[in-house]
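Accompanying notes for the structure given below.
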Amino acid sequence: MLRARPEALMLLGALLTGSLGPSGNQDALSLPWEVQRYDGWFNNLRHHERGAVGCRLQRRVPANYADGVYQALEEPQLPNPRRLSNAATRGIAGLPSLHNRTVLGVFFGYHVLSDVVSVETPGCPAEFLNIRIPPGDPVFDPDQRGDVVLPFQRSRWDPETGRSPSNPRDLANQVTGWLDGSAIYGSSHSWSDALRSFSGGQLASGPDPAFPRDSQNPLLMWAAPDPATGQNGPRGLYAFGAERGNREPFLQALGLLWFRYHNLWAQRLARQHPDWEDEELFQHARKRVIATYQNIAVYEWLPSFLQKTLPEYTGYRPFLDPSISPEFVVASEQFFSTMVPPGVYMRNASCHFRKVLNKGFQSSQALRVCNNYWIRENPNLNSTQEVNELLLGMASQISELEDNIVVEDLRDYWPGPGKFSRTDYVASSIQRGRDMGLPSYSQALLAFGLDIPRNWSDLNPNVDPQVLEATAALYNQDLSQLELLLGGLLESHGDPGPLFSAIVLDQFVRLRDGDRYWFENTRNGLFSKKEIEDIRNTTLRDVLVAVINIDPSALQPNVFVWHKGAPCPQPKQLTTDGLPQCAPLTVLDFFEGSSPGFAITIIALCCLPLVSLLLSGVVAYFRGREHKKLQKKLKESVKKEAAKDGVPAMEWPGPKERSSPIIIQLLSDRCLQVLNRHLTVLRVVQLQPLQQVNLILSNNRGCRTLLLKIPKEYDLVLLFSSEEERGAFVQQLWDFCVRWALGLHVAEMSEKELFRKAVTKQQRERILEIFFRHLFAQVLDINQADAGTLPLDSSQKVREALTCELSRAEFAESLGLKPQDMFVESMFSLADKDGNGYLSFREFLDILVVFMKGSPEDKSRLMFTMYDLDENGFLSKDEFFTMMRSFIEISNNCLSKAQLAEVVESMFRESGFQDKEELTWEDFHFMLRDHDSELRFTQLCVKGGGGGGNGIRDIFKQNISCRVSFITRTPGERSHPQGLGPPAPEAPELGGPGLKKRFGKKAAVPTPRLYTEALQEKMQRGFLAQKLQQYKRFVENYRRHIVCVAIFSAICVGVFADRAYYYGFASPPSDIAQTTLVGIILSRGTAASVSFMFSYILLTMCRNLITFLRETFLNRYVPFDAAVDFHRWIAMAAVVLAILHSAGHAVNVYIFSVSPLSLLACIFPNVFVNDGSKLPQKFYWWFFQTVPGMTGVLLLLVLAIMYVFASHHFRRRSFRGFWLTHHLYILLYALLIIHGSYALIQLPTFHIYFLVPAIIYGGDKLVSLSRKKVEISVVKAELLPSGVTYLQFQRPQGFEYKSGQWVRIACLALGTTEYHPFTLTSAPHEDTLSLHIRAVGPWTTRLREIYSSPKGNGCAGYPKLYLDGPFGEGHQEWHKFEVSVLVGGGIGVTPFASILKDLVFKSSLGSQMLCKKIYFIWVTRTQRQFEWLADIIQEVEENDHQDLVSVHIYVTQLAEKFDLRTTMLYICERHFQKVLNRSLFTGLRSITHFGRPPFEPFFNSLQEVHPQVRKIGVFSCGPPGMTKNVEKACQLVNRQDRAHFMHHYENF
């Protein structure tokens, strides 16, 4: 084998180590030797890692773990550590060392140990071997609680170990495993740099050159709190190379000694070599100090410690492993602990042992060890002289006897971990041995080739037998279970026992012979032989003399041993007597003083929505103040008007309702009128002569309330500002009653009783509703159970309410008509038999019975009597004209006066009464009977039929011929297959020439008829049945929504469960789950769900994407129209999860605030470093001084603002405020990104969810910005019934669209960026565009208010619009079919309005169209929903000369709700439609059906009517339930080999 030259090896080592200088530069190349690395690497050129920082301990004996891998042995396998400590190591202090070893040697041993090994640093993830304290322990459990546990965290281990029995856990050494002065210079290059001054080769000093500077953050010095005083922080701790060099002032003194010795050598070298630079001076001084340290430790201190010398040094042995063994750590530390005295003397060079200052400025003869752990700014060590005195005192003081006894300063008052200020050093060392997996005492003896004692008494004859008995009892007399630590202590007396001596000797031999940089190794080029000899002759006494600068005679030659006759003997062997008492155990409360602040912070965060609510209230207030200024003049005029003839007051409408300001006027003719503050009449009460009026006054709570009870009316409850104002009104009312001969009865009662006695409008309406149900149940033969039951309350209030009668206005309102309509006047006058101006329920019932159950003679006689205005028994032509005009008024005035006169003449002429001026009842009945017979059966128009009525000039005939071809079955008809009824021989033939037939002619050839009879659904009676039906309809209508919400929710639950399970049970060990399981599961799970929700909520606002997708097949599965609702749902779910996320972190913050720093350093290794200070950060640090905390608070604030301002109530008050605050979403996402970027618990993951939706949303926004938007002037605006606003505006040049398409508009008065989609109701041929907008939301409601009246003259007064579109729909394909069926549900009719007008226009021009027939079916719950469409359908009917359009209207709300207006529609419609061939209420020729459309029979009959048509298009728009029924009917009909029905639908 080739041997390398030493120079080559040196160069190779320098290159490999990289330690060529302070920063690896070329400066060190000028040095004649290879500079040793600070971290221990590359000492051994074959095994580079040996002795390096972080290298694992090397076992000399196999591990002894409970599972053979890493689990430590605990109770009950082994005894309790505290019991063992008390039994084996408790004893009397004050016994001197058998060989007069000095205290300086003890602490020098600790210093040497800190140079080669450090395993005290807690490991991560945190594992605990807590020490259970026996109940009643005098130190740790004086109160006998029995639940005291001293925490013990297992040490840091090599992560590559602990995986199998062949690779058990090994602890990692946190310093270099070489005797290389790392306790002086640190164990890393950066640590050494932090200690250096980089000037003159010296270590950096503080203000006093004899002291190093204070500990700084880069050094990471261990800064445990002072257990005696609780003082903490780095202030007062010196910067040393040893992490725990400040544990005791005795270790500090040795650290200061070597600090000063290095600087002394640097100064000496600088004087000798003035041309050397800092690096050369430092490395030469360092080299010399390390060599001196090695020499003293191995050749001076170790022999005095072991009473043995090492073999002669024979040279470097590269194949010898010098790694520190765990057995050495325990053997050395425990033997040192037996020698530590309870106190330490201080003396000067003249042998004067001085007094020391203690807490409270009391003096004692020595420093008490237990009160000087981690002490800051020790008053006894403020100067160099005092440090020198401490070193001299330790050199003269004899240590404790080397036996099994450990003084109480270590056994009971060692610095404690966690919240405990004290712990048991021996018990902790026993746990440390178990943590290391140390073998038993017997196994170690075998491994080192030593004899095993046969029994307990053979251990050591010098040990107290009681100690052996107590120890043996704890081990159950099993000597094989005796642990290494206690066995080594028990075998020692005066000197380390055989086992400890063998372990220590073996370790130092390997340290010396395996170190390539050992000072005696002449091959490393460090020293010459002369320098080596000089170093060998240097002792610690020489170091002390050089540093302290004293006479050598003040010290014995060997400072580690004091021999008789040596200078300065100690006054006496120190005992605990005369020394201060050890500061007792204290248990820290990390959360002390933080509870109020934490509670206030949580409350403040919870109040963020309230703050936002207050802010929204301020905004609403200022907005309302501007509005009030505009109405100030109006209010003043109202007040003046009210002051003249009215009394202001507040009306109480009922419980849980807000009182409103009103004005009461007592008018002439016994009239009491109620107005609002705008002088709009709210209520008029007409009193009758001699009518009794009851007045009830409140007699408490300020006497401001009165109750006015008027017969046949609901009560009026008034609240006045003061009793005086109420008295003034009572006086006016009294004068009013006296003037008009009215009776007034006055009573008093409490205000609460007055409110309870009042019959409010709502109460009356509820009672009347049930009464109407019973009335119609009798008339319409409805089951009484369906009608409901009367309340069982028989109180006076109910009896009074049941006696009330309907006024003329209430009667008109019940019919849905105007009070001034002639029909209302006529019917009311007829029904009011007693002429008292009110309509009783019996009178109302009589008129209903005639309408519904009367014979044709009864009905005609009733009509005859209604319009026989002069009551002469004859109906004149003028009275007949009045009757017809009343019908026309109800029918929206669809015929002019001239046309009506012509109709009357035609009817007289057709009936043969053209020569009569008056009709008897018989004549009138004959006229109606004849028309009723003709209108009951009407022949269906055949395919392509048109031109009907062209030859008829009579208007009435034309109306008959153009009537929508609906065929209703007679009561006697039976249903036939496919919905086709039997032929009707008396039905006239319509279509072509058949339209010209006179009334009364019979059809010779029957034709197929459409089945259009409405399906009456029976109302479910039982509560459960109603709920089930409600649930079924809900699922039917929202099945797509439910599926999408279920899928989205499943994803959210999935990501929640994934993250919660991962961080709770499957994540890499980090202690966070063990520390705060509930908090981490809640916070991590909700964080993932919130990230997903807040990311994908952006897709619900991608309008252009949604517009595109709505036209694809995906619309069948995804309800794109519900994007805004889905947006709200996601937002609400996200904010709930965000609150839970915050609650989870509130739990986390509390737990982190009460967790020791050692645990937090494991959980957050990138944030915290365990420096022993224990104290965690306060709660406010987590909330306000961290990026996640501060951004989290800001996120809560932003969410509070956005959610409060987005509430429905505030949007109605200030939509602009909602729109502006909602743009905070940009800040929201910025904070979300920053919030997770800190990687406190996990790496940022928000971008994983956010990236794709953000790109899509950004692209969608760019499309919106690039789209052309045209400013349009509104030509006409009209407010239609049912809350519908009609807007007609200019058609931009080049604006092309198809019927059925929709646009997006923005009103400039409501904001230029807010667009809403609406379907065009104008036809493509029209010059203007029109929209019918129903007020269902805040924007559409405000739009209706804005266009209620123009601000200027003409169209210029209307706000302009922005127009965006048009956009396509599936309904524009209607023209591709010969026959199309349009089915609209509710407001879903709007797409078809444009289609109908477009169809009629094209047909009137004679355009060639494939479409020959349109059937328009509209399904609506109540006639209120189609009032606004009457004009459009009427226009279509008037222009439809070819009979292309057939209109069906189905009202589904009848027996199920018993709406009075709908029920009256049913009655009047069936009776009066036969008179004028128009619907009584809509004015349309189409028949209004009551029930649900029979789609399947209708489609079957449609095949019979159009047999030549092979494809029929069906287009439906409305709620999902309706479109589903249409789809189902199409599927059933398509099973037949006949016409194919192609269904296209849109849901809203």
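Positions of Cβ are set from backbone N, Cα and C atoms, glycine also.
Feature annotations, reproduced from Swiss-Prot:
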SIGNAL    1-25  signal peptide
REGION    30-596  region 'Peroxidase-like'
DOMAIN    855-890  domain 'EF-hand 2'
BINDING   Asp868, Asp870, Asn872, Glu879  Ca(2+) 2 binding site
DOMAIN    899-934  domain 'EF-hand 3'
REGION    960-1245  region 'Interaction with TXNDC11'
REGION    971-991  region 'Disordered'
DOMAIN    1084-1266  domain 'Ferric oxidoreductase'
DOMAIN    1267-1373  domain 'FAD-binding FR-type'
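Per-residue confidence over the region 'Peroxidase-like' (30-596) averages 93 (mean pLDDT, predicted model).
The most crowded of the binding-site residues listed here (Asp870, Glu879) is Glu879, judged by how many other CB atoms sit within 10 Å of its own CB.
According to its DSSP assignment, Glu879 (Ca(2+) 2 binding site) is helical. There are 20 other Cβ atoms within 10 Å of the Cβ belonging to Asp868 (Ca(2+) 2 binding site).
Secondary structure at Asn872 (Ca(2+) 2 binding site), as computed by DSSP, is coil. Spatially close to Asn872 (Ca(2+) 2 binding site) yet at least six residues away along the chain is no residue at all, judged by Cβ distances under 8 angstroms. Annotated Ca(2+) 2 site Asp868, Asp870, Asn872, Glu879; additional same-chain residues within 8 Å of its Cβ mean position, judged by their own Cβ, are Tyr867, Leu869, Glu871, Gly873, Phe874, Leu875, Ser876.
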